[in-house]
Structures are given as structure tokens and as C-alpha cells.
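Visitor: Sharing a structure, written as C-alpha cells. Questions coming.
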Amino acid sequence: MEKSTMSAILLVLHLFVLLLQYSEVHSLATTSNHDFSYLRFAYDATDLELEGSYDYVIVGGGTSGCPLAATLSEKYKVLVLERGSLPTAYPNVLTADGFVYNLQQEDDGKTPVERFVSEDGIDNVRGRVLGGTSMINAGVYARANTSIYSASGVDWDMDLVNKTYEWVEDTIVFKPNYQPWQSVTGTAFLEAGVDPNHGFSLDHEAGTRITGSTFDNKGTRHAADELLNKGNSNNLRVGVHASVEKIIFSNAPGLTATGVIYRDSNGTPHRAFVRSKGEVIVSAGTIGTPQLLLLSGVGPESYLSSLNIPVVLSHPYVGQFLHDNPRNFINILPPNPIEPTIVTVLGISNDFYQCSFSSLPFTTPPFSFFPSTSYPLPNSTFAHFASKVAGPLSYGSLTLKSSSNVRVSPNVKFNYYSNPTDLSHCVSGMKKIGELLSTDALKPYKVEDLPGIEGFNILGIPLPKDQTDDAAFETFCRESVASYWHYHGGCLVGKVLDGDFRVTGIDALRVVDGSTFPYTPASHPQGFYLMLGRYVGIKILQERSASDLKILDSLKSAASLVL
């Protein structure tokens, strides 16, 4: 039997198995328009009071901040302060087609994608819109690797974790449509030995699977902002274009966060205070959270003093242990056009995570997509095969570029591949990409009928031809590295935070976002951070309820003594 015929049969069989396994996941969201019901309690910061008080002030309306706010609003007054715009101002964030466009759009200081370049010289981006990076990413959704929970320093309630994932998934996670290129990718992964075949699954497991997406079957994005709709609208207020400059502290009776100072788009300062038993919760992300703590005087004492920032509390690890997962890749230009697709099929191993997507050609390079602006641009549809190093172990730090202006992005350095284990994992991952390119499934996408990885029209840096030449692969990894946009760390549990995400040494101050752990939790982290916001919100509600019961019991006991 011809190899091409056998490949076609295998493709059909794999698709059949994947479709059969769709039913194993609980009921997910259904296709709909993006739900902006929360607009009735969202305001431009210019319309907010100059001074107000709330039970909880959440800095950052992003991937964790939105579900956290919705949860706390069930019982308490909550203010969310987001530096960016409402997504309605930038409709391209609401579609799958807009993913590349948003990276192409020039950064004017207001656009949803804020550009920055690390001190490693690698282009990168961060979200600047309500919904955070969940509003600008590629939409991949997965639950966290189960092994991370035991190593996290947090005493997780796993039943609650699972219920919390479902709370998110019921609203903004979808089973992806059949996409021809993704099916080809899945078949190639399986031919290359990325086993077993898990079909459709949200769980992070070694093997090949179709994963969830926050794009529905019409290509509409659903993101963290929609989780605000699950809150109590009478208790919830969202302010956009609100740049939080500093956390306010009190020393009586102990060091306590009592509120924040923020400015609106006109430069007018506002103050938001927290009531008794309330908290300031920083959810400004891996870049924004350590930056705000440093500007507020919480960080390494000698460093803050050198910048003439009054030291509120010496915390040596704020801004330290900053990690970013490197992305290395190969682009192929097929002889015939292929349909653009988002990522829905993943290949997972212990050391690396892989995916592919296809795209239309473009004349303006998407910022941070390729390692440099001099990278050649595709003149036809192309396929992008990416490998992400798990972990990683390499880390750097964040320092302030401005000691007084929160709008000036800080300096960040990730030190990609400074740890040799990460480099070894990249080599293994790119060799697996070589095996992928050698499969029968990808033969129709060659321009010449040549063996192995040869015969493709490669855009950019090609893979080393000798799959046994580790030194050549190491050079490839260093020269082709880009960001996977999954940076994390800077305010770690066990270093800056306790196991309840409280900043140690300060009352009424927590951090709930991607800065809290030293590793990426899954093939894509957004599922974990969406869960984290809801989870910590529930734990806070439980703490408050238990505290109120203790007070009530004490009052009853005192009353009985009087009687």
C-alpha cells in the first residue's frame, strides 16, 4: 500500500478516536457573543470618587484579578483598578483573527498589547486591557500539571481546585472545531512517538491531545473579563485607565496595607481605602506586581535606599527569581496554501511542550513573534512549529527603570538558557521537531521529495541536518530563542508570600497572579491563573466566615456569663 494512502487512513483513524473521546470532559461553555454585561458597573477612573472605601481593593483586572473580584463580591464591596482600557475600545482583541493583528499594532501607550524588550534583547509583550493577557493570548486552555501542587508551598484543597476549574470552564472554555492543519499536526505528533493519544482533554498529561480554547467555534474570544458577570453587581465596581502608583501603609498596630493611590487618565490622584478586615490584593501580573511593591517601599533594603525610595519593609526577594519559558521554532512554507488555524493540538513530554499553528502571510512583523525585526517575513501561508522548555530553571530579576513613575515599564532580565538543563531540554525538543518533520503526515507539505527533515521550504533559521549534533542544536536554540509570553515569578510563595498568598510581614496585603510561582503550571498557564483567582477568593470568604463565627461565639459566651 502506498505510504500516502496509509497516512490518510491513519489520519482518519486518529480523528475518529479524538472525536470519540470528546464526551469525557464535563459540559463546557457554548458559543455566544462576548458578554459585556459587566459594563453597567465599569467606569473610567475619571468618573470614580477622589476618595472611597471598600472591603477589598484589587490592583489589576487581569487573568486572576477578574475571577477574584467576582468571587469576593458575593459578600463584600470590591473595587478593581485596571490600568488599561475596556476591550470594547479595541474590537480586534475579541477575535481569533485579531491575535496576530494585536501584535502588529503599534504601541501608542494605550493599545491592549504593551511592548517591552528584556535586557536579554528579546522582544516581549504584556496585557494592557481589562481581562489582561487572557484578552491578547492565543486562547489555549489547559489545567495545571498535577505535580505542581505538591511542590508549590500551598496546602491546596484539591476538591475545591477542581470545582474552581469547572466554574471557569462552564463560562469561557470551548471544545475547538475541527481544523485540518491541527489534525495533521496531531497525526504527526503520534507518528513521532508523542504517545499516548488522549483525544480531547483539559488535563496536562504526557502525550498528544486536543486541548480547550477560549475562542468559541465562531472565533469569538472569551476571557477573564466575562467572569466579572458572575459577581454581585451591587458590590462590584471596576475602574479602567486607573494606574495604581503606590500602596498606602499604616504602622498601627502592626504594618498594615490600608489602601492605594492611583491616577486617572487626566493625571488626577485618587485614594481607595480598605475597611476593617479588608485587604489590598495585587493582581498586576509578573511585571506589574513586583514593580508596584518596589515603588511602595517593599523590597531589598539596600536597593530601595539607593533609589531614595523610603523602605517600608525589607523584602530581599521581591523582583527576584523571574522566569520566562523560551520558545524555539521552525517555520515551513508549504507548496500550496493552508487554512489559518489557532492552536488546539498539543504534544507534551516531561521536558518540553509543543504545538503548531498556521497563518496567512503578513507584511508587518508581529512584535515578539520572531526573535528580531530583521527576521524574514512569509510571502505565503506558513506553519509554525514551536517548542517550549518546561520549567524553566534559568531565572533573572526585575529592577525599576523609574523610581517614581509606575507607567514606565521596569527592566527585566530572564537569562534564557543560563541553566544547562534548560538548554538540554531545548535540544531534546527541537530534535523532536525534527522527528515531526520526518513523518509521513508532513510529506505533502514539502516542496521537494527528499528524506528526513529535508525538502521543506524553511522560513528563517533551519534545523541542523545532523540530528546527533548536540552542539549544533545548542547553537540553534540560542540563536532562535524567542519568548513564549509565559513569564512568571518575582513574588514567590515561600520567598515573599506565605502559603495563603499573604505578603509576609504585612497585614491585609496579598498577591494573586503569575508572579507567585517559579514555574509555568502547564502547557499554557492561563487556566491555572483563572482558577487561582477564584480559588483564593473562596478561601478568603471561608476565612472571613470562620472569623465571624468565632466572634459570634465569643459574644454568645460573654452574654451567657452576664446572664
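Placement of Cβ uses the backbone N, Cα and C atoms for every residue, glycine included.
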Visitor: Among CYS355, CYS426, which cysteine does Swiss-Prot link to CYS477 through a disulfide?
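Guide: Recorded disulfide partner of CYS477 in Swiss-Prot: CYS426.
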Visitor: Going by what Swiss-Prot says, which of ASN266, ASN379 is noted as N-linked glycosylation site?
Guide: ASN379
Visitor: Can you name the residues of this chain that are 6 or more positions from CYS426 (disulfide bond) yet have a C-beta less than 8 Å from its C-beta?
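Guide: Spatial neighbours, sequence-distant, of CYS426 (disulfide bond): PRO326, ASN328, PHE352, SER387, VAL389, TYR417, PHE473, GLU474, CYS477.
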Visitor: Taking DSSP as the reference, which of helix, strand or coil describes CYS355 (substrate binding site)?
Guide: strand
Visitor: Please work out the number of neighbouring Cβ atoms within 10 Å of the Cβ of HIS486 (active site, proton donor), leaving out its own Cβ.
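Guide: The Cβ of HIS486 (active site, proton donor) has 24 Cβ neighbours within 10 Å.
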Visitor: Between VAL244 (FAD binding site) and CYS355 (substrate binding site), find the distance joining the two CA atoms and give it rounded to the nearest Å.
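Guide: Here the two Cα atoms are 37 Å apart.
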Visitor: Cα-Cα, whole number of Å: TYR484 (substrate binding site) versus ASN379 (N-linked glycosylation site)?
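Guide: Between the Cα atoms of TYR484 (substrate binding site) and ASN379 (N-linked glycosylation site), the distance comes to 24 Å.
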Visitor: Find the one among the recorded positions THR63, GLU82, ASN137, HIS486 whose C-alpha lies closest to that of ASN379 (N-linked glycosylation site).
Guide: ASN137
